[in-house]
Amino acid sequence: MGSKSNLKHGSSMVRKITQLSNDMDQETESASGNVGLNTYSVQIPKTPDNQPMAMDISLERSTSRRVEDQYASSSMFTGGFNQVTRAQLKDKVIESESSHPQMAGTKGSACAVPGCDGKVMNDERGLDLLPCDCGYKICRDCYRDSLRIGEGICPGCKEPYQEEQEMEEEAAHVVNQRESLPLSPSAGASKMERRLSLMKSGPLMRSQTNEFDHAQWLFETKGSYGYGNAVWPKDSEDDASSDWMGGDPNVFQEKAWRPLTRKLSISAAILSPYRLIILARMVILVFFLKWRVENPNDDALWLWSMSVVCEIWFAFSWLLDQLPKLFPINRVADLDVLKEKFETPSPTNPSGKSDLPGIDMFVSTADPEKEPPLVTANTILSILAADYPVEKLSCYVSDDGGSLLTFEAMAEAASFANLWVPFCRKHDIEPRNPESYFSLKRDPYKNKVRSDFVRDRRRVKREYDEFKVRINGLPDSIRRRADAYNAREEIKAMKLWREAENDEPMENLKIPKATWMADGTHWPGTWTHSAPEHSRSDHASIIQVMLKPPSDEPLSCTPSDSNAMDLTEVDIRLPILVYVSREKRPGYDHNKKAGAMNALVRASAIMSNGPFILNLDCDHYIYNSQALREGMCYMMDRDGDRICYVQFPQRFEGIDPSDRYANHNTVFFDVNMRALDGIQGPVYVGTGCLFRRTALYGFDPPRVQEEAASWFGSKKKKSSSVASVPEVGSEEDQSFRNGSIDDEEMITSLIPKKFGNSSLFVDSIRVAEFQGRPLADHPSIKNGRQPGALTLRRDLLDAATVAEAINVISCWYEDKTEWGDRVGWIYGSVTEDVVTGYRMHNRGWRSVYCVTKRDAFRGTAPINLTDRLHQVLRWATGSVEIFFSRNNALFANTRLKFLQRIAYLNVGIYPFTSIFLVVYCFLPALSLFSGQFIVQSLKVTFLVYLMGITVTLILLAALEIKWSGIELEEWWRNEQFWLIGGTSAHLAAVLQGLLKVVAGIEISFTLTSKSSGDDENDEYAELYLIKWSSLMILPITIMMVNLIAIAVAVSRTIYSDDRQWSSLLGGVFFSFWVLAHLYPFAKGLMGRRGRTPTIVFVWSALIAITISLLWVAIDPPSGQNQIGGSFQFP
């Protein structure tokens, strides 16, 4: 095979290495002459007699590689369609300076080469990276010149650089020590190939065969066994301290195994009556509808027929909503067990280094004018301060607007994190969003035991106030900077114009008004004054690492002065922070938020490849710093490999105390979602969701049945699992290229058609799948990994890696691929979140609902009536689109459980209830106007049925409140807004969806006039803001018509000779039912002090007059002094 190999430090497995054939490695492979060979490399795990040596570290992390890592982390990469990818080293990203060694733009010492003004690259600890032992300070460019031109001679000591020679000697020394082990040449292996070697031994693991493979762990002579990094000697009787390990690795299985999560069933004393009442109400509804159909009102068949149709639909809609609530459950995670398994010293992890998998955090923003940069910055700070291993956490911010304001706000946040994150770790601060923390209305000093807490808090508060001033002043700062640089450019252009003696007038000289960065270069994204290739829909891809990847070991610092914070016992490292703005070009459909999220998925896979992804909206922040750990408990527990995502409930701040418009959505998040958790899992709601990366890639869960079926037939279907992705260069890949694989499902899971043309991205899939497996610490875990496999050092970044990330976020990358169709976030709906979750459930995945004791995340929600209606309109429009698409649950296969199918079916159907709801809201008024009722008379049978339906509804509400923990007021607010939304936004969504599907016409509902309250400093001033929208017309009409109908009916009955009190009482009761539900809407129209726009009264008067005239035309007066039939003036 070969006689020379680079040994990678810390790996503990026998690994099969295949040579990649991508473009980046072709030159090296050609030189080594080993293209396409399948070889084997044995890596030596750490044991008591095989300790890591300094040479292992030098082999893996040479100075030149570390310099390249820091260069890639300090440069801004740009590129795109028909453009060359460029890397520009940034000495400065913001006006202010930062001293943190991970901050982009931090400067090292000056280069000592005469005539060079460059800076020496710093490592992640802030130390100069010096390639020679003499300590001569040399920048990256001069060092590369000395290697290329100066024959590797150090300009300081005039001696050759020893790095390459030492690496070869040390590698040979290691080979001599391990000469009994067959090694393979890996000089041509790429970085992703080294990553792949981490998990190539998967098929040999005990967790997959359910038997312990002794040969796999026999890596020493004399018959000693090792499990991971531990060695069991045969004669263990001599050592009393190791009796539990005595000579048999299987004893590890006898250790008490504790699950990471527990399922808490709801008390049968609550759940059994709840189910019984549901059944009873179903029976009552069946008999009631049967009685209604068999007993028509012959005097008003039109009224009876409309009411019966509506009631049948309401019963069907209630059934769709109620059936998925039959099996609610609660869950709880055990963080102590998580720490014990993954972060406690053990035989497989002697150092106690974190064995948790990595998490890539996504924050999405698009417009800094609508989404304030200060809010986004606070969200980023809460992520950077999360209680999760620093080296395992990465934060990616997607700026879909390509705004310099967002870029510099993010850089300011990274600079302030230098102080904020250590402060949170030192004093255990909660929440770790500075704006929320400093706004808490409770004693901040409670339960704080450190004597320096008061001083530290005051200093951080002072720094945060200055930070807010800088953030809020960024728009003016950017504008002034642009004006100054543009004025300079105009002067230069005018000078050149005069020197050229151009005959054309000076007015023809047009100089674009560019937007400038802090280092005096053009901003490659969107300019304030749009220009070609610099507008919101036309700009290049941008990637900038704001915070460089952290070091592998904790980093602390000593205070430089008496006023500085004492951080000698605090880890000051920060997670990697990356700014990403995908390329946009005219003529391409960029698919809004879903397209931006898919770009982040690909870029993060190239750069960090965390096996789990958690996405947050820019206005949602981490309220519980341990929320990530709680979510990871479910992913790492038994059968966790079948969980596609963990959904956290959405909690909101800034909502008015009465929650007038049900903004908290507690019925949905605490009732419906808990109930779905007992079936196949909650739906994905767009934010606060921890994804398994490979589930987003469109693969099936492990151990899934290979039978795909739907209600309309079934067919055999091969499972599309991660295992179906071939290794580049493998026999399977070669057979595909030769056309010998006929399986269509296999072909679609290969490189170009499904994932695009990035082989580096395709290779990352297997790595992410392996790292996302739970620990194989119990025989019941079928698809696990060995403990200690994720304690290795991270791979260093290099320019080629970031350049590949630029490639995968280009606007053309998704062409002719399955991105947005089967892979990633799904396109084609404004509610891409629900569709994405549905596709995963339809493939057989499960999801979990994680309700933490302390809210995991918090965000903001619109408390204004009009904004709330438009939010509901967007959700309902997405549901209508789902109903008319192939994502309708009617077409799901058998992997989707029946009750889960019912829940998704309800998602697409519920907006159509608005049609029947509007009709039913007018029925009381029509009944009062006509003097008729929906039944012939108020018989005892009708009243008994009505009483039974009402009582069972109240009992169900009481029991739901009991097992979910919500309050009665929250339940009633939800009922009120169900009718408000149903008579406004839902009906508009149905109209909008039908026009789009049938005629291809898209309509929008815009805001017009505004009227606000007097007190602008009121926290809830927005609640009283009146913004007129056409969505308000129908609810106003319903209220006015019912009020007029009540007045007319009461007057007519009082002065009538034949008083029909039964019809009056029935109609008035249902009218009051409608008006009671619309009360929050009416209250919202009144504003703070009855300030209502004139347009409201105009519309109301016109509609009321129109309906009155229409009624007079239908039922004209019988005499000259009569109005409406038998009514007469006294």
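Cβ atoms are placed via backbone N, Cα and C, with glycine included.
The annotation transmembrane segment is assigned in TrEMBL to 264-289 (among others).
Marked as transmembrane segment by TrEMBL: 301-320 (among others).
Taken from TrEMBL, the feature UDP-alpha-D-glucose binding site covers S364, K370, E371, D400, K592. A 10 Å cutoff on Cβ-Cβ distances gives D400 (UDP-alpha-D-glucose binding site) a total of 22 other Cβ atoms nearby, all chains included.
TrEMBL lists D400 (among others) with the feature active site.
Of all Cβ atoms in the shown protein chains, 20 besides its own fall within 10 Å of the Cβ of K593 (Mn(2+) binding site). Sequence annotations record features per position, and here TrEMBL assigns Mn(2+) binding site to K593, D617.
A C-beta separation below 8 Å, combined with a sequence spacing of at least six in one chain, links D833 (active site) to Y684, V685, G686, W825. For D833 (among others), the entry in TrEMBL reads active site.
Residues 303, 306-307, 309-310, 313-314, 317, 320-321, 324, 672, 676, 679, 683, 834, 838, 841, 876, 879-880, 882-883, 887-890, 892, 896, 934, 979, 982-983, 986-987, 989-990, 993, 1034, 1038, 1041-1042, 1044-1046, 1048-1049, 1063-1064, 1066-1068, 1070-1071, 1073-1074 of the same chain sit 6 or more residues outside the transmembrane segment (903-928) yet have a Cβ under 8 Å from a Cβ within it. Among the features that TrEMBL reports, transmembrane segment is placed at 903-928 (among others).
Listed by sequence, the residues of this chain that lie at least six past the ends of the transmembrane segment (940-959) yet keep a Cβ under 8 A from its Cβ atoms are 270, 273-274, 277-278, 280-281, 284-285, 287-288, 291, 322, 968, 971. The transmembrane segment annotation in TrEMBL covers 940-959 (among others).
Sequence annotations record features per position, and here TrEMBL assigns transmembrane segment to 1031-1055 (among others).
The transmembrane segment annotation in TrEMBL covers 1061-1082 (among others).
Per TrEMBL, transmembrane segment is recorded for 1094-1114 (among others).
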- Message: Can you give me the Cα-Cα distance between K593 (Mn(2+) binding site) and E371 (UDP-alpha-D-glucose binding site) in Å, rounded to a whole number?
- Response: 14
- Taking S364, K370, E371, D400, K592 as the record's UDP-alpha-D-glucose-binding set, what's the max Cα pairwise distance in Å, rounded to a whole number? 15
- Query: Which residue, of the binding-site residues K370, K592, has its CB surrounded by the fewest other CB atoms within 10 A?
  - Reply: K370
- Item | Output field, UDP-alpha-D-glucose shell: CB within 8 Å of site CB centroid, site S364, K370, E371, D400, K592 dropped | T365, A366, D367, G401, K593, A596, C618
- Based on Cα coordinates, which of the following binding-site residues are within 10 Å of D617 (Mn(2+) binding site): K370, D400, K592? none
- Query: Looking at the binding-site residues E371, D617, which sits with the largest number of other Cβ atoms within 10 Å of its Cβ?
  - Reply: D617
- Task: Can you check which residues sit near S364 (UDP-alpha-D-glucose binding site), meaning Cβ under 8 Å from its Cβ, same chain, 6 or more apart in sequence, and list them in order?
- Result: V397, S398, D400, K593, A596, M597, L600, N615, L616, D617, C618
